[in-house]
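S.K.: As annotated in TrEMBL:
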REGION    1-49  region 'Disordered'
COMPBIAS  1-10  compositional bias 'Basic and acidic residues'
COMPBIAS  25-49  compositional bias 'Basic and acidic residues'
TRANSMEM  83-107  transmembrane segment
DOMAIN    88-271  domain 'Cation efflux protein transmembrane'
TRANSMEM  113-135  transmembrane segment
TRANSMEM  147-170  transmembrane segment
TRANSMEM  182-201  transmembrane segment
TRANSMEM  213-233  transmembrane segment
TRANSMEM  245-268  transmembrane segment
Amino acid sequence: MANKDSDREVAGNLAGGDEEEDGEGTEKPCSELEKDEREMEEMKGEQQVPHPERLCVEDAPHDVLDSRCQLKPQEAQVFRRQALWVSWASVVVTLTLAVAAFVVSALRYSASLFGFAIDALLDCVSSLIVVWRYYNIAAIYSSRREYLSCAVLGAMFLVSAICVEGKSIHNLSHKLIPEVDGFLLSVSLLSGVGCLLLAIAKFLLGQVLSSRVLITDAYNSLAGSMMGFSVLLSDEVFRYHPAVWYLDAVIGILIGLLVFCYGTRLLVDVIPKIRQTRNYERME
């Protein structure tokens, strides 16, 4: 009997050991599955919350990344300082030309020169916006600053176009013939040449820095140069063909329409990007 009891105990212990081994065997796959599930959840979480470096490459605007990939930090800072110098020079030159053009256009009834005065004043303010855009060293690649500056420029383009259109239509409806003299031609020539040189410098720097606000400011200076040279053109035409007295006002209307269309396109293109870059700037 004792032998039978001991045999039963041994058999029971063996059976219990087998059950424990079976339990351990069943628990091991469960723990591995849970670990795999946790890893999958962590991977999903990493995909939902992008890493700033990954976001900088994938979600950042391409025009901002172009200069970041092409220029070294030292080179970027050099071109940033050059953009500031050109912008400050533009502020001084365009403000002086704007005051002179306002006075002469009021005395000589020139719609084109009035349009240039408005555009020169706009160019002065837009250059100050460029100064704000590049004044902060750390914000040289700030896409949000870039698009905010472009949005302000777009709104100013619309205001400038409305002023030029109003003045040109007023001169055309009242048949105001511009009085051209040596002083008017001198101001027009200086305005055309000065704004053309500023436009070239701004456009080249805008291409190097991949800056849309600098390129927009260059187009603004180019429009001012066109208005300055248009006074010279209308004067030559009016001298030999007095019947074409309306050419000055017509050129002002055409330039006003171009400025209005460009400002509208700029706002339509930039406003959605301001919303897109809001989260991007926070991640950086």
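For all residues, glycine too, the Cβ spot is worked out from N, Cα and C.
Curation plays no part in TrEMBL annotations; they are all automatic predictions.
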S.K.: Using a Cβ-Cβ cut-off of under 8 Å, list the residues of the same chain that are 6+ residues beyond the ends of the transmembrane segment (83-107) and lie near it.
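M.R.: Same-chain contacts beyond the flanks: 113-114, 116-117, 120-121, 123-124, 127-128, 130-131, 134-135, 179, 183-184, 187, 190-191, 194-195, 198, 201-202, 205, 209, 211, 214, 217, 221, 224.
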S.K.: Please report, as numbers and ranges, the same-chain residues at least 6 past the borders of the transmembrane segment (245-268) whose CB is under 8 Å from any CB of it.
M.R.: 110-112, 114-115, 119, 150-151, 153-158, 160-162, 164-165, 167-169, 171-172, 175-178, 216, 219, 223, 226-227, 230-231, 233-234, 237-238
S.K.: Do any residues, 6 or more residues outside the transmembrane segment (182-201), come within under 8 Å Cβ-to-Cβ of it, and if so which ones?
M.R.: 86, 89-90, 93-94, 97, 100-101, 104, 108, 110, 113, 116, 120, 123, 218-219, 221-222, 224-229, 231-232, 235
